[in-house]
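Step one of this worksheet: look at the structure below.
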Amino acid sequence: MHEMSLMESVIEIVCETARQNGATRVKSVRLDVGVLSHVNPDALIFCYEAVRHGTVADSATLEINRIAGEGWCLDCGKTVALEERFGACPDCGRHRVQMTAGDELKIRDMEVI
(Lines of atoms letter the chains of each structure in order from A and count residues from 1; the text may use other names and numbers.)
(Lines give C-alpha, C1' and ligand atoms only; values in the text may rest on other atoms or scores of the structure.)
Protein backbone atom coordinates (compact mmCIF):
# COMPACT_ATOMS: atom_id res chain seq x y z
CA MET A 1 0.00 0.00 0.00
CA HIS A 2 1.84 3.11 -1.22
CA GLU A 3 -0.71 5.35 0.51
CA MET A 4 1.14 4.79 3.81
CA SER A 5 4.41 6.26 2.55
CA LEU A 6 2.51 9.08 0.84
CA MET A 7 0.69 9.97 4.06
CA GLU A 8 3.89 9.73 6.10
CA SER A 9 5.38 12.33 3.75
CA VAL A 10 2.28 14.54 3.98
CA ILE A 11 2.38 14.48 7.80
CA GLU A 12 6.11 15.20 7.79
CA ILE A 13 5.59 18.24 5.52
CA VAL A 14 2.58 19.46 7.52
CA CYS A 15 4.39 19.18 10.86
CA GLU A 16 7.57 20.82 9.56
CA THR A 17 5.57 23.68 8.02
CA ALA A 18 3.68 24.17 11.29
CA ARG A 19 6.94 24.28 13.27
CA GLN A 20 8.54 26.73 10.81
CA ASN A 21 5.57 29.05 11.31
CA GLY A 22 5.55 28.85 15.11
CA ALA A 23 2.35 26.81 15.33
CA THR A 24 1.80 24.42 18.21
CA ARG A 25 -1.07 22.51 16.66
CA VAL A 26 -2.49 21.69 13.24
CA LYS A 27 -6.26 22.02 13.16
CA SER A 28 -7.01 20.80 9.62
CA VAL A 29 -5.35 19.57 6.44
CA ARG A 30 -6.85 19.67 2.93
CA LEU A 31 -5.45 17.54 0.12
CA ASP A 32 -6.14 17.58 -3.61
CA VAL A 33 -6.07 14.04 -4.99
CA GLY A 34 -6.56 13.42 -8.70
CA VAL A 35 -8.96 10.68 -9.76
CA LEU A 36 -6.27 9.38 -12.14
CA SER A 37 -3.48 9.39 -9.53
CA HIS A 38 -3.93 5.74 -8.52
CA VAL A 39 -4.29 6.88 -4.90
CA ASN A 40 -7.20 5.44 -2.93
CA PRO A 41 -8.81 8.16 -0.75
CA ASP A 42 -10.14 5.60 1.77
CA ALA A 43 -6.64 4.15 2.16
CA LEU A 44 -5.25 7.67 2.62
CA ILE A 45 -7.74 8.34 5.42
CA PHE A 46 -6.87 5.02 7.09
CA CYS A 47 -3.15 5.81 6.89
CA TYR A 48 -3.74 9.36 8.14
CA GLU A 49 -5.37 7.97 11.28
CA ALA A 50 -2.32 5.76 11.84
CA VAL A 51 0.53 8.23 11.26
CA ARG A 52 -0.73 11.49 12.79
CA HIS A 53 -0.64 10.30 16.42
CA GLY A 54 2.04 11.89 18.56
CA THR A 55 2.52 14.81 16.17
CA VAL A 56 1.29 18.41 16.13
CA ALA A 57 -1.36 17.12 13.69
CA ASP A 58 -2.65 14.59 16.24
CA SER A 59 -6.18 16.05 16.36
CA ALA A 60 -6.30 17.61 12.88
CA THR A 61 -9.15 16.84 10.53
CA LEU A 62 -8.43 15.67 6.99
CA GLU A 63 -10.39 16.74 3.93
CA ILE A 64 -9.74 15.17 0.53
CA ASN A 65 -10.84 17.03 -2.59
CA ARG A 66 -11.04 14.83 -5.70
CA ILE A 67 -9.70 16.48 -8.86
CA ALA A 68 -11.27 15.35 -12.14
CA GLY A 69 -9.15 14.07 -15.00
CA GLU A 70 -8.60 16.61 -17.75
CA GLY A 71 -6.40 16.79 -20.81
CA TRP A 72 -5.51 18.79 -23.89
CA CYS A 73 -6.02 17.03 -27.22
CA LEU A 74 -3.07 17.77 -29.49
CA ASP A 75 -5.10 16.86 -32.58
CA CYS A 76 -8.40 18.73 -32.14
CA GLY A 77 -7.04 21.41 -29.78
CA LYS A 78 -9.70 20.99 -27.12
CA THR A 79 -9.61 20.64 -23.36
CA VAL A 80 -11.41 17.38 -22.61
CA ALA A 81 -12.49 15.33 -19.61
CA LEU A 82 -10.44 12.15 -19.11
CA GLU A 83 -11.89 9.00 -17.59
CA GLU A 84 -8.63 7.04 -17.86
CA ARG A 85 -4.97 7.93 -17.86
CA PHE A 86 -4.15 7.15 -21.50
CA GLY A 87 -7.65 7.30 -22.95
CA ALA A 88 -8.72 8.63 -26.31
CA CYS A 89 -10.03 12.13 -26.84
CA PRO A 90 -13.81 11.93 -26.38
CA ASP A 91 -14.27 14.43 -29.24
CA CYS A 92 -12.00 13.16 -32.04
CA GLY A 93 -11.14 9.65 -30.80
CA ARG A 94 -7.39 10.05 -31.15
CA HIS A 95 -4.93 9.14 -28.41
CA ARG A 96 -2.73 12.24 -28.45
CA VAL A 97 -4.08 13.74 -25.24
CA GLN A 98 -1.75 15.45 -22.80
CA MET A 99 -3.00 15.17 -19.22
CA THR A 100 -3.38 18.56 -17.52
CA ALA A 101 -5.23 17.59 -14.32
CA GLY A 102 -6.27 14.55 -12.36
CA ASP A 103 -2.96 12.89 -11.50
CA GLU A 104 -1.92 15.18 -8.64
CA LEU A 105 -1.60 14.66 -4.92
CA LYS A 106 -0.85 17.91 -3.14
CA ILE A 107 -1.43 19.68 0.12
CA ARG A 108 -3.95 22.41 -0.75
CA ASP A 109 -3.79 24.12 2.65
CA MET A 110 -3.69 23.61 6.38
CA GLU A 111 -5.03 25.48 9.38
CA VAL A 112 -2.75 25.89 12.39
CA ILE A 113 -2.97 27.33 15.89
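From the backbone N, Cα and C atoms, a Cβ is placed for every residue, glycine too.
Now, the feature entries from Swiss-Prot:
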type    : residues                   : note
BINDING : HIS2                       : Ni(2+) binding site
BINDING : CYS73, CYS76, CYS89, CYS92 : Zn(2+) binding site
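According to its DSSP assignment, CYS89 (Zn(2+) binding site) is coil. Cα of CYS76 (Zn(2+) binding site) to Cα of the residue listed as 'Ni(2+) binding site': a distance of 36 Å.
For the pair formed by CYS73 (Zn(2+) binding site) and the residue listed as 'Ni(2+) binding site', distance between Cα atoms is given as 31 Å, rounded to the nearest Å. According to DSSP, HIS2 (Ni(2+) binding site) sits within a helical segment. In this structure, the CA atom of CYS92 (Zn(2+) binding site) is 35 Å away from the CA atom of the residue listed as 'Ni(2+) binding site'. Sorting the binding-site residues CYS73, CYS92 by the number of other Cβ atoms within 10 Å puts CYS73 first. Over all protein chains present, the Cβ of CYS76 (Zn(2+) binding site) has 14 other Cβ atoms lying within 10 Å.
Counting other Cβ atoms within 10 Å of each Cβ, the lowest count among the binding-site residues HIS2, CYS89 belongs to HIS2. In this structure the C-alpha atoms belonging to the residue listed as 'Ni(2+) binding site' and CYS89 (Zn(2+) binding site) are separated by 30 Å. Using the Cβ center of CYS73, CYS76, CYS89, CYS92 for Zn(2+), the list of other same-chain residues with Cβ within 8 Å runs, in sequence order, LEU74, ASP75, GLY77, LYS78, VAL80, PRO90, ASP91, GLY93, ARG94, ARG96, VAL97.
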